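Sharing a structure, written as structure tokens. Questions coming.
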Amino acid sequence: MASGAGKAAQPPGPGSAVNGTAADFPNIEQELYDYQMHSKMCKKIAQLTKVIYSLNMRNEEQEAALQALSHAHHDELHRILMETCHEGEGSALRTRLLELQESLDEQQRVGAQVQADFEIFRIQVEERERETEAELRKEFEEKLKAAVGELQEAKAQISASQEESDRLSKDLEKAGEQIQELDAKCEELQKSADEEIKRKEEDRQREDEEKKKEKEERQSEQREDLERVKALSEELKALKEERDRAEEEKRRAVKEERERWEQKVNDLNEEKEEMRKKIEAEWREERQRWEEREEEEKKGMHSALRERVKRAEAEVEGHLERLAESKRSTVKLQERIQDLEEELELDRRRVTEAEGVAKRAEEELAVAKERLLLQEDELQSRAEELLNRGGCEVCVCAEMEELRSQVSRLQSRNRELELQSSGRNSDHARQIRQHAEALSSLRSEMVRAQTEELRRIQKHADDERDKLQKEIEKERESLQTEREQEKDQFDKDRNKMRRERDEEKEALHKEVEEVRERLRREKEEEVDRLRKELEVERVRIRSQLDKNIEQVEAERANVQLKLEEEKKRLVEKAEEDRKRLKDQVRKAIEEVMRRHAAELNSVQEALSSEKKTNQEVCVRLEEERRAAEELRSRLERERDELGTKLKDATSEVSRLESAIQQRDKKEKVAPEAAPSCGPQCSRLEEELHQARSRLARIQEEAERQRDRQQREIASLRADKHRLEEKVLEQSRLNTERSLLEQSQRHTEDRIRAECEDRLRAEFRIEMNAAVAESEQRWQNREQEMQSQISELQGQLSESQAEKKKAGQGDDCHGNPEIERLRKEVQDTKEINKKLRDLLQEPQTQSSTEERHSHAMALQALEKQAKEDLLSERNRLQTMHHLELDKQRAELTQQHTEWSRQMTQRHMQQIEDLQAQLQAHTQMMALQQDLKQQNQYQVFERQLDESRCAMLELQRENTALKKQLKDR
């Protein structure tokens, strides 16, 4: 656009004719301008779309990161739940769940804040886009108008230059034609002269002899021809000099024109230099503003990145805290493993001791076997001796019975020892295997959980660090590209503005010259027109002078009437404004009172409902506390009962053991009572079996009671923890409520001050507007009157001057005419004085009355404004109190809803944990039942073995009896 305009504005060169039409330039320049604006708008739109796309991508990345974090939190929650279900640590699981829930809520809040920041930034970008689009459209329209004006001026200049060049070309053509005509005449004359000379010479040679007489005549004719040729040559020289003079004038005109154009070009260059300096200064300022803006954007981006890094560091710290917690749990598990290893060492020691006891028992058994073999040999030898001797059969039978009873007793003791040693060895081996398996499983689970936790935390930290680095690099690249694009665009805009300003300077210079010429012509025309109008006006003023005097009298009366009407109208307007303000204030107060009454009712209902809910919660807590105390007392009673039952069972077991020992002693002391040992042993065994079964039942019941007590104690602890959380939540809510009340008080004071300032400002504006309107009206009236007076004075002075001139020019009229004119002048002066006095009197009276009325009106309005301010202040105070109550009620309602939702969520989590704990306790109970069943099976197997041994002993006893009877 600028290049096209600059080319169109250049003047044509000397002697050059403009070939072509000037109508093609505007369309080309318009198309170039439209294309440039279109490309500029396209670039701007592309930049904005890139920014919006980058923001959308960033938002999607943030959402994906938040989703990944939420999935990771859910997975971690699930894993921790599974681990705690296996480990049975309910309290640690609950605290971990609460921490994870808080971290998840924090992440959600961060995501919501990021979303809100993105929405705000998107709105700002849209507003900036709209503003830039409006500015570009406005600049485009302004530049289009300037281009249209420049094109019109260029067209005019081109047409003028074309006309001038056509005129100069026509003059040149005419001068060339004249020169050609003169050259042709000169050549024709020279040719004719040469022909005549040749012809005359031939005639003279041919008729030399015949025309000797006529020689003198020919010589005279020749002299005349020569003089004619000289005259023609002089005329030719004069024409050539005229042609040279015309060419010199033409060259001088061209030179002057060129100098004039060079002067204009120099002036334009100087103006361009000044414009360039101004543009460079503006460019420096604009660049400084862009750099400041870029610095601000960099600071904003750095602050945002710092916040994101802080959030990432906070997340890493959270992960590190969780890692520390996992480490603490691993330390606890290691301590537990150490305790279990110590228990295993104790069990191993017991096993070694039992093995030593078993070895000693085996040695004793071997010794007893050898002793028994020796005793059997002795008995056999004694029996053979007795048989050989043929002694008393009764003694022999008694001795045989005694020996056999000793043998059976020794054999039964041997078998019992073997069974006990084998049972102990098997129990100890089984317990050692179980402990070893439990330790290995715990160690493997602990190592696996620790490695998984460390791997997951390391992976999460690496992902976060990589993602932050990528985002920082992307932001840096986008900022660099945007900065380069903005610099390129700024350079383009600067160059374009420079070109446009140069073109505008040229156009303005031309316009100034045209305007000067036009003003000069208009001034001359105006002077002529004014001269003519002055002649006409002199006649008209004389006729209107008398009419104006009458009009002034009528206008004075009208002015007084209008002043009175204006006073009445101002008073009525003030009354109407006061009534209108009162009605508006009253309606606003009624509306506010109705709205605040409804809000008060809703707040009271919400408070009553909250009080009811709080009372219900207190009652429920009191009932739970009472139930917990009753349960505790009942459990203590059951524990005492179980303790007494256990004591009774132990006393019964001790009694049975003492009875068994007494029986053994009796068997040793009284061997003759051996035939009656079978029923008594069976009875004792049955009693022992019943005692052991009763003892097992008592132990089982004690275990069940212990488990139930542990579960109830855990539930009581959970209830206590929940109550403590509720108390902490209530205290936090009380602090938040106090903070909200303080902020509401601050907002009340601020809003009250703002309302007072606004009312004062509105009242001042209205009063100033009314006073300014009245003053403007009176000033306009005074100016009109003064203008009329000045016109009358001018008319009188002109009439006096004309009369003086007429008196000086026409002294022949005599003295009566002069006296008459003097009287008329004096009369007009007196009339002017009277008019001035008449105008000043109502003006001063009206001004004093107006000031007094204004002062009274101002006092009344100030009083009314004070009353309105007090009423408005009271209304605003009530309104703000009601608004604060409403906000307080809404906040309490929101808090109750939030607390209800949180309690529901916590109750749901607690129920889930209780269900998991219950399942875990059931599994433990099943394991304990299986252990007890295994112990019962061992006891039953021992009893079966002891019964088998008793039956074998009885069979051996019967066989021995039969043998003795047979003998």
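Using N, Cα and C of the backbone, Cβ positions are placed for all residues, glycine too.
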Can you check which of 57-95, 135-173, 564-602, 642-680 TrEMBL lists as region 'Disordered'?
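Going through 57-95, 135-173, 564-602, 642-680 one by one, TrEMBL flags 642-680 as region 'Disordered'.
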Run the contact check on the region 'Disordered' (291-310) against the region 'Disordered' (474-507): 3 or more C-beta pairs under 8 Å, excluding pairs closer than 6 in sequence.
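These two segments touch.
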Quick check on the region 'Disordered' (474-507): DSSP residue counts for helix, strand, coil, in that order please.
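Across the region 'Disordered' (474-507), the residues distribute as 34 helix, 0 strand, 0 coil.
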As a quick check of your reading of DSSP, tell me how many residues in the region 'Disordered' (291-310) are helical, how many are strand and how many are coil.
20 helix, 0 strand, 0 coil
Going by DSSP, how much of the region 'Disordered' (181-258) is helix, how much is strand and how much is coil, in residues?
70 helix, 0 strand, 8 coil
